């Protein structure tokens, strides 16, 4: 076999004129550096020298970067590209020669291998931080530079120049090798690892030494950054274990909110300084954002420009390849030049295919890099803005919130909406300047291809694009309207769920259900409008390119002198697709730009709003230990009785003989000549001169609205000081100087506000409030506030979460936790603002005695107490009496008795009145009621937890095995069953129509492209000149018209099907819930049910339809593309299998990880928003405690947690898109090579390449939409889980027509051996109860908690399961009656009075059956007639949600009037007087005795004494009727249970 390295000609090996004069030997010389590098590096890499010699042990795989790291990677990639060009040029040149010449491409191949090895070698050296091994690379670059220079000089001597491609390639390689050599020299200079005694040691970045930092994008090498390779571990591991917050770790320092806040704050402060010089100018947030975040946006824009320019390589390469195939130029030349020119090189179809592949890889890499940089910058901006807003909230003037200048809703909008608007605008920013370039370039290329006819198509796009903007504005309007109706529907649904027990007992479910359905119909009407405009938007996106292509090609057919060529046609098609995208995106960018401008205006207004006065603003926080408090020096002759009973008389007090403030300078706070305002300019408090003694109890009293709370806030610095000063004595000296201690240096104050404010945290965290936990102190505080019994009822004790995300507590319980927080804090001063307002007398007394007098005063803490409980004045060491914003009197009680007798007598009168009310209140034990409510909530919560556990077990699909494969199978499985269930909810006809229209539409689109391929191929081959094209033009026009029509049909059917499914699912859900058993509502939290009607319904309404449309469109486009490529070049099917396998695994791994990350993003948003709202609500408390820094830190942590979740989600999306884009590029390369090699039909080649390019755009959308749909189907699954619930059996064995019209007329009740339980699997709550109630008899039922009293009342209405025995009313067994009939004929008054929003008339008679006279009669009986008449509208007067515009007593009387309206002969009162005062109870009892004198009344007693005179008393114990007789007879049995209950309640 002859030698072929230099060719078969022996003269090729001639070295007569010298070795360097032979080009072949020069090429062989170029092999030396590559062989050297491979010989040196391979042993090092295989032995693992670098990794074993690592001097720095860190947990990550990527590490420090040597100097010039990024430049080295860029130069290496450039060198690899040039090597590819050199290989291609050598192969093409060799193909034109008679014999094989390996020297033309073999050195280039070795160079490619060596360069690849160099970057692998460098990466390993860098990760091991062992720079001495870089010496091999330095030698390699030097040798490569020398050999390439020799080669370049040789070419120069031969007379080659820039017109010769090989000369240009060699020149570029000399430059690149020289630059890489310079990079190595720089590393030697900086690291000093050669010829230096003391090498420079470099530690890895600080972030990488933190084990918690898992977001490695800033630290990895350039290749890993571009491909997100470092995400592989997380995404693959998601199959084995769900991704949690621990897995994603912490943010790197540079990305943390505090870092970005500092940058933005400095930039904004600079703008404020500039604006200060111009009175009419406001600081520019835009400029501040540009200064802080401009550089990454410019970098992103650069990436975007490069991506967009590379995007045009696709159409150009398609044109070139199709043209080459059409001309059939791929033949061997007999005569060939020594070297190729660039033009000749690019005329090779295979070269164009490779260039197209590389261009796609680069384009997609740059595009994803642009996306990532903008998203990261947007997240950083959002974090900085949130920190700025939060910092401003902490400095916000209290008057802004209290006077309504700024609402909590506005602040929440700033946090949740405006910052997101700016973030999204930043995401779209690069489009602003990239789009014009893309459009201009597209039009120029189209014009070059098709001439003036291309301008017609461009004009069609430009003219139709504004319609998209119009549609977008209409979509926004429809969405706002939908949101309004949705809010109204949720409000009504919430009312139904809160009052479901009453609705069922009164058989009003269908009335209220109808009301919700009416609102739902309005919402659906708005959703129809939204769906219509969405359909139009989808239609325009699909139809405009078709219309533009039609207009262009028809114009070209008749106006141009030439036939349409395949190269021109398919390149134009590709260009039109590129051109349409920026024009459509323009409307979105403009819309977001307008929103961003508005958001910046709102943000600027907020940041420039009034702040709290500088004299009261604190930079630090801290508390002084008790030991540093100034000790009380007075002599106390007689201790205060801490245990005296709850009766107080002013005349019987003994004043503690402590030194008065007038006699000592031991004063904690002093206000002189104080005038304070809430910002209006008018003084709310005037002429305030007060002193608060240290270590004593100061009480502030006065009428409602006199300024007591305002005085506390003024002292705390929350009000605007118009005049005067507030002095704090916090200097631990024997003679403190007040003039030297201003309020700016005051210490923290433990403050309990009048309105209780709690964190969304555990009970313990609310009480300790950031202070160290001290078990002994904590127990003392909870005992002092009577909290321990309440804590014992909670499922997790004091570790139970309270607030929005936890247990809802009553007002009294919330108040006591707030007071406990103030008591627990280690502060010298305690401010308590009306702490007794929500407490009953027992709790008030206990708190006063144990909490204030014992716990606080024994520690000599200064206590300032605002109260209306004048009976506690006897304990005050100092009293401040206020009236109309001024101090009326100040001093001890003795001083006031002596100096202001009139005031003293007034207090005595008020105390006597309070004492009379106290006699009544002593019987009403509010605490018992609160704890009973809490116990019920806990019972429901535990049951709900049990249900959730059962649901989780069901979700694991019966066959749960604790092994890896099972876990992976469950986590990767798509919920196809749920998808099918959703689709069929929209109706089989619409489902069929959607599938059929979708398939038909894509078939027509394929037919359009195939017709074009046939048309252009036919006329380019058979009719080279001008020919009649009417047939093809007509066919093309018809198909385009059909395609446009089908685009509209498909978009409408998808939206319509989604709307129908949403309508049916909500209708079924509402009916299922409202007809569900009462047990379901007892065991399922209200928030959980409401979530199905809010978040889940919103997903079904608005999110699933567009996702489904996008998924079906992108999937069918990809399938069409694969089908068309396979048809054009069948050999492509061979490569399809491995590509399909790769795609399968990519989507499989991504879907699981994406779902976890999306859930993390959603779950971390709520705590952040809650923290902002709770801070704004508790601003005064936070500032009083001086906990601003702690709350700032918490906000920064929550922001970073949400940001890291969002960043990982974004990185996961980039991970997917890079891989699917690269997969698409591989498809394009495979299709190109297959088309060139196997097809002679240029039209089909163009068609195949066009569809291959389409795949690159839609592959990632298939996976993204699949992942989104999987998450969204979770909402459908949740709704479906409720639809499987069993409803109450509303049917009876009797027909409603068989029930007498006036039944029950007599009111006779017979209870036969009654056994009742709540569910089949639960124990009985009533066992074999037998009783007889005569018509019109008044019956009392009593027993201890849990004895079964309320269960009996529910049994009358069949709200519980009567599994044995029966109840017969007026001769009819109630189990045979239809439920609606039974419940509509009985009346009940519940413990909790429930009113619904609407009118008084609606609340009394929702069925609208009664006349006005009957309603007025009922109101008169309930003693409400005069009050209702005084209201505007009378019977039509407005009732707010929950009846909050009426007192609890009035609401209960309305419930009584409601019961009377029904005219039933049986009335059941279930602890109806438990939550009302004594006066209202007397009214209610009187009405019942008169208005219901001839009716049977069954009273379940809250206070046993109220049923002593009842005609029949039933006493229950543990579900058994133990006593049954008249009250007097039962009292004769001294050891009986009834007697015991009566004695206990006395």
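Residue 1 is the first one shown; counting continues down the chain.
Glycine too: its Cβ is placed from the backbone N, Cα and C atoms.
In Swiss-Prot, the annotation transmembrane segment applies to 1125-1145, one of the ranges 1062-1082, 1083-1103, 1104-1124, 1125-1145. Swiss-Prot gives the label N-linked glycosylation site to one of 9, 280, 963, namely 9. Checked against Swiss-Prot, the range among 509-529, 530-550, 593-613 recorded as transmembrane segment is 530-550. Checking the ranges 328-348, 349-369, 370-390 against Swiss-Prot, the transmembrane segment annotation falls on 349-369.
Note on the topological domain 'Cytoplasmic' (475-529): mean pLDDT across this stretch is 86.
Sequence-distant contacts of the transmembrane segment (168-188) (same chain, at least 6 residues past either end, Cβ-Cβ under 8 Å): 66-68, 71-72, 75-76, 78-79, 82-83, 85-86, 89, 131, 134, 137-138, 141-142, 144-145, 148-149, 151-152, 155, 162, 194, 342. Sequence-distant neighbours of the transmembrane segment (73-93) (same chain, 6+ residues past either end, Cβ-Cβ under 8 Å): 101, 104-106, 108-109, 111-112, 115-116, 118-119, 165-166, 169, 172-173, 176-177, 179-180, 183, 221-223, 336, 339-340, 345, 348, 350-351, 354, 358. Same-chain residues lying 6 or more positions outside the transmembrane segment (1125-1145) and placing a CB less than 8 Å from one of its CB atoms are 1220, 1223, 1226-1227, 1230-1231, 1234-1235, 1237-1239, 1241, 1244-1245, 1247-1248, 1251-1252, 1259. Sequence-distant neighbours of the transmembrane segment (988-1008) (same chain, 6+ residues past either end, Cβ-Cβ under 8 Å): 546, 1036, 1039-1040, 1042-1043, 1046-1047, 1049-1050, 1053-1054, 1056-1057, 1060, 1112-1113, 1116-1117, 1120, 1123-1124. Within the topological domain 'Cytoplasmic' (189-301), the DSSP-based counts of helix, strand and coil residues read 66 helix, 2 strand, 45 coil. Shown for the topological domain 'Extracellular' (551-569): DSSP residue counts in helix, strand and coil, namely 13 helix, 0 strand, 6 coil.
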